[in-house]
Amino acid sequence: MSFTLHEAAPAKVNLALHVTRRREDGYHDLESLIAFADLSDDVSAAPAEADTLAISGPFAANLGSGSGNLVLRAIDAFRNRWPHLAPVGVQFHLVKNLPVAAGIGGGSADAAAALRLMAKLSPEAIPVQDMLGLAATLGADVPACLLSRPLVARGVGEILSPLQEFPALHLVLVNPLVPVATADVFRRLRAHDNYPLPALPEPLTRPAQLGLWLAETRNDLQPPAVKLVPVIGEIVSRLAETAGCIVARMSGSGATVFGLFGSEGQAHLAAQQMREHHPEHWVAAAPILRP
Ligand SMILES: C[C@](O)(CO)[C@H](O)COP(=O)(O)OP(=O)(O)OC[C@H]1O[C@@H](n2ccc(N)nc2=O)[C@H](O)[C@@H]1O
Ligand SMILES: Nc1ncnc2c1ncn2[C@@H]1O[C@H](COP(=O)(O)OP(=O)(O)OP(=O)(O)O)[C@@H](O)[C@H]1O
């Protein structure tokens, strides 16, 4: 009997990102409030005789389906860790809806979705902590993407504090379709020892609470990314001027910029305005996934 399992791989948004330390190994310690948008790649899996990956969707052409693809790397990692729990082969299909190298962790989300699918195909339950440990070996954002809920990430992204509550909010995402390599942005970072995130209000239930908190925070990677790709700064300014925008800021290492809104109507109107001003950019609106 053949069957296909599906997992959404939602876009990751760094609502705030402070770089607090440059480590001996060249990586940087971060503190980041991360949320996920109800906007995702789709990863599906069916048992097969061998592992294969097919890719379709709007950004399929920007990505190879060879062994470098994070979906296949995730499957390999799972097989190495739990050889007796993995099926003989799995036929994967990735629908690539999210832009690549865009600061919204599409590749990390795909890897996390592939791990969740492998766990679903396993005959035994796998403890979440073990899955998180394996996820961390695949990339800094993969553990957060495994949970795909609002959380604070520390270290390089492996220390996670999920939030129990989160206000109902909407995101507008704008990407100028200029891929940005994370390493290039970190290389241009001037200050490596910025102050940590302020404490989050508890419980965090109202949009206004989050708005006040966000005003005290930044994305430390935004200034170096703007130097690299100046249009990022223009998008932030334009989005910040749209009606109801609580904050406009770059996500991750860019180039995607997010705007945060209290209502779906405001978010859709802002997205429409951004599309009119920048028809060449990728623009999307979606609610934040809540705990
Ligand atoms: C910026 C974030 O998107 C925030 O969520 C992530 O920390 C990036 O994670 P990622 O895409 O998995 O990053 P990687 O592909 O592992 O890193 C690429 C390069 O960026 C630099 N890098 C990355 C993450 C980090 N915490 N410190 C770094 O200095 C390193 O030079 C690394 O070689
Ligand atoms: N399934 C995948 N989807 C996207 N990128 C992938 C995938 N597999 C491998 N990659 C590679 O990973 C790199 C980063 O892609 P991704 O879209 O995750 O970047 P990002 O959004 O900037 O991530 P982050 O926010 O974690 O820095 C790209 O250079 C891409 O070629």
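Including glycine, each Cβ sits where the backbone N, Cα and C put it.
Noted in TrEMBL for the protein shown:
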- Lys12: active site (ACT_SITE)
- 69-148: domain 'GHMP kinase N-terminal' (DOMAIN)
- Pro99, Val100, Ala101, Ala102, Gly103, Ile104, Gly105, Gly106, Gly107, Ser108, Ala109: ATP binding site (BINDING)
- Asp141: active site (ACT_SITE)
- 214-278: domain 'GHMP kinase C-terminal' (DOMAIN)
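Under DSSP, the residues of the domain 'GHMP kinase N-terminal' (69-148) split into helix, strand and coil as follows: 48 helix, 7 strand, 25 coil. Report note: the ATP site is defined by Pro99, Val100, Ala101, Ala102, Gly103, Ile104, Gly105, Gly106, Gly107, Ser108, Ala109, and the residues of the same chain whose CB lies within 8 Å of the CB centroid of those residues, excluding them, are Ala11, Lys12, Leu98, Gly252, Thr256.
Around Asp141 (active site), the C-beta neighbours below 8 angstroms that are at least 6 residues distant in the chain are Lys12, Gly105, Ser108, Ala109, Gly157, Gly252. Under 6 Å, Cβ to nearest atom of ligand 1: this is the test, and of the binding-site residues Pro99, Ala101, Gly107, Ala109 it is passed by none.
In the structure shown, across all protein chains, Gly107 is the one of the binding-site residues Pro99, Gly107 with the greatest number of other Cβ atoms within 10 Å. One residue stands out among the binding-site residues Ala101, Ala109 for having the most other Cβ atoms within 10 Å of its Cβ: Ala109.
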